[in-house]
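Please read the structure below before turning to the comments.
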Amino acid sequence: MKLKDTLNLGKTEFPMRAGLPTKEPVWQKEWEDAKLYQRRQELNQGKPHFTLHDGPPYANGNIHVGHAMNKISKDIIVRSKSMSGFYAPFIPGWDTHGLPIEQVLSKQGVKRKEMDLVEYLKLCREYALSQVDKQREDFKRLGVSGDWENPYVTLTPDYEAAQIRVFGEMANKGYIYRGAKPVYWSWSSESALAEAEIEYHDLVSTSLYYANKVKDGKGVLDTDTYIVVWTTTPFTITASRGLTVGADIDYVLVQPAGEARKFVVAAELLTSLSEKFGWADVQVLETYRGQELNHIVTEHPWDTAVEELVILGDHVTTDSGTGIVHTAPGFGEDDYNVGIANNLEVAVTVDERGIMMKNAGPEFEGQFYEKVVPTVIEKLGNLLLAQEEISHSYPFDWRTKKPIIWRAVPQWFASVSKFRQEILDEIEKVKFHSEWGKVRLYNMIRDRGDWVISRQRAWGVPLPIFYAEDGTAIMVAETIEHVAQLFEEYGSSIWWERDAKDLLPEGFTHPGSPNGEFKKETDIMDVWFDSGSSWNGVVVNRPELTYPADLYLEGSDQYRGWFNSSLITSVANHGVAPYKQILSQGFALDGKGEKMSKSLGNTIAPSDVEKQFGAEILRLWVTSVDSSNDVRISMDILSQVSETYRKIRNTLRFLIANTSDFNPAQDTVAYDELRSVDKYMTIRFNQLVKTIRDAYADFEFLTIYKALVNFINVDLSAFYLDFAKDVVYIEGAKSLERRQMQTVFYDILVKITKLLTPILPHTAEEIWSYLEFETEDFVQLSELPEVQTFANQEEILDTWAAFMDFRGQAQKALEEARNAKVIGKSLEAHLTVYPNEVVKTLLEAVNSNVAQLLIVSELTIAEGPAPEAALSFEDVAFTVERATGEVCDRCRRIDPTTAERSYQAVICDHCASIVEENFAEAVAEGFEEK
């Protein structure tokens, strides 16, 4: 036997290298085969409910890192709730209707207008479901636990029926109406868009300054006067029917030198405009308040059949332009509102494809709206005072990335204005984890217009509206519920397969259809109405969920998207918000803080991370960032996270190895019988348990990450485990001192594995497989550790906090000695301590082998003053010299008792007593040479 064989060196087959990319799929299959998700739900039946409702990602393409961050975050929350005494099922979902799928089919050569609509919709459905399958596998590969066999999908008959019923309740309450208000219009999609489908980009536009000649000055202005107007949308002059001024803005009547004409502009802008127009020696003839100009009539710049009325509007400012804006009620919300109030014509001169129509005039007809600037300039003639190119933030179609226009077309609207205050009151009851999120959603609802819910597309849920022979729209409870039942049985494609009369209840009559003839609506619903109905289609209709949901968790862009649409439909139907809490996340940016895009080549696919590092590293990364704001991710950043993971793994591997001979049922030492340092570590770990449990409850992942890493690096690695080897390796295998420390090791190992499970389920299960005395098959079926209370815990913490300060001072003394070549390693040191009464009392209270804690071979507590050469602090001083004696071959301490024993071992007296007591046969035979 060799002397080293008398050491209790930790033994384990738990691998140092994780091999996550290959092992994770194996574990995931094992969980699936064991029906782990279902078993967890069965285990928690009857416990308080917690419903995190999954916002549905769009089913198109593989998931990106933003999807991964979101779904991992949800998984961490649901897992932690399941392990904290809650029944917390998770139903993943997908959003499956809308233009992107139509665009994919178009790129594949499918020509929608050349084939049967029902066949086309079947292709859309097949493609959408194929993408659901693809993304389902992507999410499962991340280790996300959920009811993957029974997700919700917005194209299923039950969901579509639930959506129709949401619409029906809103219709019954009078919230659905038809109007021709201007809406965001995408010529590239040939459809109206909701606010949530708009994104803003910089756009360079031609802006024009031109003048309208006064036709009837109402006794205020002469007919040789011109009112100066500014526009950034020259094509809308074709539909201009008025000029809007600010009632309280000051305007001046001016005449530049050498100019026969007189002009009206905002007084505040005169200087800048004079420079822009090349006006010199400008004479101010008169000043007016805007309200004095009200109802003056001007000529249209070129259309002699049109007069333009000067009207008042609150939206006019002097921030730019001339303080006067031309008003085309068919091409803008403000224009429409002031136009209707003043009985202006709502002219629309652009068709659904962005092409100028006949009513724009023969010179414009057939031109694309963006290309008409030269024609407009030609038509303006000498009325044009200046033109310039400006760059401004402009709305774009979020899917096609093309600019959009405002355009008045007949659409179906949900009236938000009718119950806006109810919605705002409900927002006040919701808990927001970011206060700015509450402000953002509140302001959006407060300021938003009515919601245009109709779309002129094919792939979506039809609006369940019929038309009588006289054109009356029919949307009554009887017809809508009948449609819902048909959708529930056959799916929404039935709408296109049957005639209107076959979609109505048997025997249905309407006074507007004396001949019994009806037509059906051909528009579909906005996809935000689809996903915005999920609280009904899923949370209400699934018996395992509770409404309102406890939590909605999505990206911050959903304040104007899913959070918004869900809130409107839920309050409209039931008067309550669909969620009790909202947690929002920022966007995933690249390592430099730039937005990720395929064109820049800076995207990171979750599948690439899984191949290189494993999903576990992506999961740990999610906890390492403050996801309430935008976060950065790159392979370099993930490498750093991987290093942290390695540190966590190897620390836990040490605990596994050094409890391999520990049977908790037989070897556990009662808390009261632990050494002071072991009690301290137990209490410190208990603090970590509380911190992590509280952070899980508050969804504070970064707090968990920081607390965990700090405990492992500072409390364990840099302190407790640093001197632990002197105990667990050296002392007798069954000695009290070793069992005391193993008791703490095992307690930490089991509980920290549970604490890690929501974040690192693969690693936690791997560790669990090595804990033979734990009864649950899987750690995922266990509970998070409870927070404990220990006698005198505050006193113990205070004592050891003071000792840590003392230890830090001692380490400085040892470092100085190392630098002065007095010692090499700390075990070569004889440390002499010169304490005052405070430190002396502290060392007595610690009641431990202080030399062992400081990892020095010899320690002396001296009386009297310290020598001048000592390193002094306020309460203590230190001197360091080389320890006397020889190095013990077994414990490596320098000890004056070290000597060669009769059994061929050069060891100290302490090691000799251990060896002689525990290895009598080897002592009798003598040890082999090293």
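Backbone N, Cα and C atoms are what each Cβ position is placed from, and that goes for glycine too.
Given the ranges 70-74, 145-149, 595-599, the record in Swiss-Prot names 595-599 as motif ''KMSKS' region'. Looking at 57-67, 541-551, 882-892, the range annotated in Swiss-Prot as motif ''HIGH' region' turns out to be 57-67. Apart from Cys888, Cys891, Cys908, Cys911, the Zn(2+) site neighbourhood in this chain, defined by C-beta within 8 angstroms of the site C-beta centre, holds Ile730, Asp889, Arg890, Arg892, Arg893, Asp895, Thr898, Ile907, Asp909, His910, Ala912. Within the same chain, the residues at least 6 positions away from Cys911 (Zn(2+) binding site) whose Cβ sits under 8 Å from its Cβ are Ile730, Cys888, Arg890, Cys891, listed in sequence order. Lys598 (ATP binding site) sits 22 Å from Glu554 (L-isoleucyl-5'-AMP binding site), taking the CA atoms of both as reference points.
In sequence order, Gly885, Cys888, Arg890, Cys891, Arg893, Asp895, Thr897, Thr898 make up the list of same-chain residues 6 or more apart from Cys908 (Zn(2+) binding site) whose Cβ falls under 8 Å from its Cβ. Taken residue by residue, the motif ''HIGH' region' (57-67) breaks down under DSSP into 3 helix, 1 strand, 7 coil.
Least packed by the Cβ count within 10 Å, out of the binding-site residues Glu554, Lys598, Cys888, Cys891, is Lys598.
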